[in-house]
Amino acid sequence: MTTTLQQRESASLWEQFCQWITSTNNRLYIGWFGVIMIPTLLTATTCFIIAFIAAPPVDIDGIREPVAGSLLYGNNIISGAVVPSSNAIGLHFYPIWEAASLDEWLYNGGPYQLVIFHFLLGVFCYLGRQWELSFRLGMRPWICVAYSAPVSAATAVFLIYPIGQGSFSDGMPLGISGTFNFMFVFQAEHNILMHPFHMLGVAGVFGGSLFSAMHGSLVTSSLVRETTEIESQNYGYKFGQEEETYNIVAAHGYFGRLIFQYASFNNSRSLHFFLGAWPVIGIWFTAMGVSTMAFNLNGFNFNQSILDSQGRVIGTWADVLNRAGIGMEVMHERNAHNFPLDLASGEQAPVALIAPAING
């Protein structure tokens, strides 16, 4: 009899836990995805803060030339970063127990892998948690679909790109200047500015910002005046009412006269779908572009594509971009035996082996 009571009590505790996890009445919804999301994001955040402040230099290139990224080693908020794991580690999974000592793990950039793996798992679970909460509230699932855009972008730069390049040392450093360095090197090696998917991503991000500002200003400018209890609702709206609190017809008429009639939406659902879909699709394309360039399917090459009647090159902005990329790549490849292939495999240039005579 005692055993039966204990089993019922344990089952009751489990049921209470399940109800608490999946309850939509909590101040913050946890959900089953949250059971994984909370510890992984806490781990990633804690390790990032500690590494950003106090991590020792990391041998990122695998040539015994450590790069310091933490605040205690002379960096500031702008220049500091969690340096990616060493090129000597490559794509190997490198947890703490795989290193001979903690010093070796830190020297080879182990904290970077710890942060990005827990971070990616955490944001994946955050996406699943958005779907889970929408499902339990009877909502449509488009919130998590929109969130998949930044998730795919983070996955591209932290996971897909290092896999394609063969080493986690090619991943994006976790810092402001490190992000800029990643962008410069990416342009130098893959010519991302000439890739159509990157162009679509730029249109998505900047276009989404423009449309968001336009929409917010139009709605704010066409709000219906709030009424009191002694006034008719025909003069405005009542706080908490279910109907829209702004006049979309007025906003549509204003914008249609400002540009032209068919440049504005007179349907609220179409308008908000457009506002959501435009930046999301653009960022999806950017993530796909980074993922394809990870395997060296690079941007277009229009270098020296315009010649005059005598075969001489007429410089274009594509040539300027190419020369800038070559310069950035030379500065990036500090290792002499890893000279950029697109420079080492060019046409032979005549070299003067004897100093010319100077007739004074």
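Positions of Cβ are set from backbone N, Cα and C atoms, glycine also.
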Legend entry - 29-46, 47-64 - the range that Swiss-Prot marks as transmembrane segment: 29-46
Inset, instruction - Would you mind telling me which of 87-108, 197-218 Swiss-Prot tags as transmembrane segment? - result: 197-218
Inset, instruction - Kindly assign Phe265 (quinone binding site) to one of the three DSSP-derived states: helix, strand or coil. - result: coil
Inset, instruction - Give me the non-local Cβ neighbours of Asp170 ([CaMn4O5] cluster binding site): same chain, 6+ apart in sequence, Cβ-Cβ under 8 Å, ordered along the sequence. - result: Pro84, Tyr161, Pro162
Legend entry - Range from 29-46, 142-156, 197-218, 274-288 with most C-beta pairs under 8 A to the transmembrane segment (118-133): 29-46
Inset, instruction - Check each residue in the chain of Glu189 ([CaMn4O5] cluster binding site) that is at least six apart in sequence and keep those whose C-beta is under 8 Å from its C-beta; list them in sequence order. - result: Asn298, Gly325, Glu329
